[in-house]
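The structure appears right after this line, and notes come after that.
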Amino acid sequence: MTDNSQIKVIVGMSGGVDSSVSAYLLQQQGYQVEGLFMKNWEEDDTDEYCSASQDLADAKAVCDKLGMKLHTINFAAEYWDNVFEHFLEEYKAGRTPNPDILCNKEIKFKAFLEFAAEELGATYIATGHYVRRDDSTGHPRLLRGLDSNKDQSYFLYTLSEKQVGQSLFPVGDLEKPEVRRIAEQLDLITAKKKDSTGICFIGERKFKDFLAKFLPAQPGPIETVDGKVIGEHQGLMYHTLGQRKGLGIGGRKDATEEAWYVVDKEVERNTLVVAQGEHPRLYSDGLIASQLHWVDRTPIRAPRRCTVKTRYRQQDIPCLIQPIDDETIRVIFDEKQAAVTPGQSAVFYDGEVCLGGGIIEQRFSHPV
């Protein structure tokens with residue numbers, strides 16, 4: 001067995017079950033394990049939602065139980081500058097960003113990684129992400145998590161080989177029920193804690209109310225694909241392609257019973273376009289992506305077949321990548337896809353291996 005006793009690993013302790021069990025598993029593997037709790041958002045005293053203090057208490061309880069030291073660090077300024085301001089800019093532009101991906105890139109695998117190495121003397125960091133690292137080719141590769149239902153490689157496509165090589169993912173080889181079982185056997189306070197959802201580090205606030213604090217709403221018309229105005233939206237930023245709930249336009253006399261869906265956001269006209277049922281305008285033959293990141297840092301310079309996900313937990317879509325230049329690619333799906341959303345990420349796979357991805361700039365209904 002490898003002697004890990006001289007290797008220090010800093011685990012990002014979120015106060016959740018996955019990072020708790022990750023810390024325990026690393027201890028079992030003989031590493032010197034310490035925890036780090038990151039505070040990345042400054043709570044407003046008037047804000048009803050405040051989980052950071054509870055999460056910190058849970059992380060501390062777990063570290064005490066496991067006999068681990070817990071460090072704390074405040075990355076709120078870095079989060080605001082490098083993640084949140086970009087998030088607001090994207091919403092202002094009528095796009096739908098994914099801040100969790102940017103948070104992983106800028107905070108967890110940059111600010112945290114650098115702090116752990118430089119200030120705490122760590123060889124590795126570890127997180128509770130459901131992904132795997134594979135070193136069998138001589139280059140660290142990012143693989144999907146074993147539990148396909150919890151796989152989080154979609155959120156980590158911006159990692160470089162170097163970052164993957166400096167990171168450990170102890171629960172990536174486990175299924176979620178097994179992780180909970182381990183936590184229960186250890187009687188950890190986080191064993192039955194529900195998984196967090198909502199924006200990375202901002203949590204489960206009412207999204208509309210939260211966004212309204214930072215961006216003034218701009219009401220505008222809701223139009224059918226035929227140009228008929230049938231209602232008013234409170235702001236394009238509150239809507240995303242494929243959305244059917246919360247439109248407030250049901251039960252119209254001149255329409256069928258079929259559900260209404262958002263099929264487009266026309267930012268220049270501040271207009272939300274809707275249609276009933278499986279309307280062709282909701283579907284795309286492909287997309288253009290930019291701001292590309294390849295895990296091995298090698299641009300794709302020739303057409304390549306692989307699979308793509310255009311949102312988390314989506315089934316793999318067989319596709320063809322056609323490079324336009326080193327920064328931009330055209331992606332053609334084998335079959336039309338619904339609700340391909342500008343601002344979201346397209347993430348590419350070769351079997352179990354996460355190749356990388358980019359930001360969806362536009363979708364198209366005929367190859368462009």
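The backbone N, Cα and C atoms fix where each Cβ goes, and this holds for glycine too.
Database features (Swiss-Prot):
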- GLY12, MET13, SER14, GLY15, GLY16, VAL17, ASP18, SER19, MET38, GLY128: ATP binding site (BINDING)
- CYS103: active site, nucleophile (ACT_SITE)
- CYS103-CYS200: disulfide bond (DISULFID)
- HIS129: site 'Interaction with tRNA' (SITE)
- CYS200: active site, cysteine persulfide intermediate (ACT_SITE)
- GLN344: site 'Interaction with tRNA' (SITE)
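Around HIS129 (site 'Interaction with tRNA'), the same-chain residues six or more apart in sequence whose CB sits under 8 Å from its CB are ASP18, GLY145, GLN152, PHE155, LEU156, PHE169, VAL171, GLY172, listed in sequence order.
The ATP site in the record is lined by GLY12, MET13, SER14, GLY15, GLY16, VAL17, ASP18, SER19, MET38, GLY128, and its two most distant CA atoms lie 16 Å apart.
Using a 10 Å Cβ-Cβ cutoff, GLN344 (site 'Interaction with tRNA') registers 24 neighbours.
Comparing the binding-site residues GLY12, GLY16, ASP18 on other C-beta atoms within 10 angstroms of each C-beta gives the minimum for GLY16. GLY16 (ATP binding site) sits 17 Å from CYS103 (active site, nucleophile), counting Cα to Cα. Long-range neighbours of SER14 (ATP binding site) (same chain, six or more residues apart, CB within less than 8 Å of its CB): PHE37, ASP55, ALA59, GLY128, SER196. Across the structure, MET38 (ATP binding site) and GLN344 (site 'Interaction with tRNA') place their CA atoms 25 angstrom apart.
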